[in-house]
Amino acid sequence: MFDYLTYNNLIALLRLLADIGCVWVVIYYCIKIVRNNSRTIQIFKGILFIFIIRAVASIFGLKTIMMIADLFVTWGFLAIIIIFQPEIRSLLEKLGKTSVFSRISTLTVNERERLVDELVRACSAMSVSKTGALISLEQGHSLSDYIKTGTQMNSMVTSELLCSIFVPGTPLHDGAVIIQGVKIACAAAYFPPTTKDLPSSYGARHRAAVGISEISDSVTIVVSEETGNISIARNGALMVVNEKELREYLNMVTTSALREVAQTQVSADVEQGTQNGILSGYLKGKKRKQKKEGTRLPKVKEANLDELEKQIHSTHEEETPEIAEEKQKAVRSMKMAYNKSSSKSLKDALDEEKKKSRRTTKSTAAKAETAAPQDKKLEPLEVNYTPKPRRRSTSPKEKVKEGNNG
Ligand SMILES: Nc1ncnc2c1ncn2[C@@H]1O[C@H](COP(=O)(O)OP(=O)(O)OP(=O)(O)O)[C@@H](O)[C@H]1O
C-alpha cells in the first residue's frame, strides 16, 4: 500500500486537492453572489430552465428545440459576462483593494475610543437636528478612489467638524465624508449607488451607503435628513440603530479582536430587520447563512470570553490565594453560562454575555474584598456591624409605654 506513497504521487495528490479547493471557492462565491441578489436568482432560474429544456429535447429527439437551446448555451457564456458585469466588477474591485493592514487596525486603544466617541456624538447631534449625513469608515479595502472624487481634508475627526461639514448649504455638505484611521480624509465624496431594490423611503443617500458597502468592507453611517434615523450600512445590508447600538457597533468594528463578532452581528441585526421589511431578499439569505454558521458561535463567544476573563483578572492587583480562587470561580461560572446560551441567537448571547460580565466583575471584586482580611478598608465595616433591630410597634400607646420604661 505504501508503494503508492511516492514523492510524485504526493505532489499529484496535493495538486488535485488544491485544484478542487480553488474550484470549490469559485463555485461558493458564484452561489453567494447569486443568492444575495434577487435579480441574479431570476437569471439563474432562467439558465436552469434552458438546460432542462435542452435535456428534455434530447430525450424526445426534438432537434430544432435542441439546436435553439444549444445556441443559448453557446452564447450564454458571453451573455452571462454582460449580464453579471456589475457583480463581476465589484468582485474584482474587492479583490484588488484588499490590504492586509487596515489603517483602523493600527490605531491605539485611546485613538479608537476617541474616534468612536466623536462619531457617536456627531451622529447623535445630527440625528436630533435632522441633518443629513453620510460617513464612511475605511477598513481593509482602500477607499482612495472615492476620496479622489471629493475634497481632500486630512483633519482629525471631531464631532464639531463633522457636524459643520454637513450643515445644509455649506460647500462640503453634499456627498460623503470618508474617514481613514482617525483622520477625515475627504468630504463631499461620491459613492456608486446600489442597484438593489430598496424600500421607496430610502433615497439617494441610503442608496450610496449600501452601494459603497457592497463594493468594500467599509462601515458607513447614514443620518437621515427626513427622519433623523441613524443607519449603518455594511456588506450590502442596512440597519437602523440607536445611539447606544451605534457606539457598541463601532466599538466592535474598531476593536480588531471583536471584528468577527461585529460581522456576525450584522447577520443577527439584519435578521431582526426582516420583521421591519428592510432588504427582505438579502435578509432571508443572511438568516439561512446564520443558521448554517451556528458552529461559528462558540468561536465568536470565545473571543469575547477571553476579553472578559482578562477584565476579571485585572480587578485586583494584589492577589491573595482567596482572591485568585474567587476570580477562577467567576471565570468558570461565566464560561458555563455562555455554553448554556449557545443555543440562543448571537444577539441574545452577546447581551447576556455583557450583563454577566458586569455582574461577575462586580461580584468578584466584592467577594475578593471580603475575602481579604488584611485589607484595612474593610475593618471599620466589620467592627461597626450591629444586627438589624426588629421592627417595633409604632402605635402611640406603645410609644408612651416605651418612654416610661426608658
Ligand atoms: N451617490 C452619492 N454619493 C454621496 N452622496 C450622495 C450620493 N447620492 C446622494 N448623496 C447625498 O444625499 C443627499 C440626497 O439625499 P436624499 O434626500 O435623496 O436621500 P435619502 O436617502 O432620502 O436621505 P434622507 O433621509 O436624508 O432624505 C444629497 O444631497 C447628497 O448629499
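Count begins at 1; order follows the chain as displayed.
Glycine is treated like the rest: Cβ placed from N, Cα and C.
The transmembrane segment annotation in TrEMBL covers 12-31, 43-60. Feature annotation from TrEMBL assigns domain 'DAC' to 85-245. The compositional bias 'Basic and acidic residues' annotation in TrEMBL covers 312-329, 345-355, 395-406. Taken from TrEMBL, the feature region 'Disordered' applies to 312-406. Annotation comment: TrEMBL describes 362-372 as compositional bias 'Low complexity'.
Tertiary proximity for the transmembrane segment (12-31) is limited to same-chain residues at least six positions away from its ends with a CB under 8 Å from its CB atoms, namely 91. Within the same chain, residues 34, 66, 69-70, 72-73, 76, 80, 83-84 sit at least 6 positions outside the transmembrane segment (43-60) and bring their C-beta atoms closer than 8 Å to a C-beta of that stretch. Per-residue pLDDT, averaged across the domain 'DAC' (85-245), gives 87.
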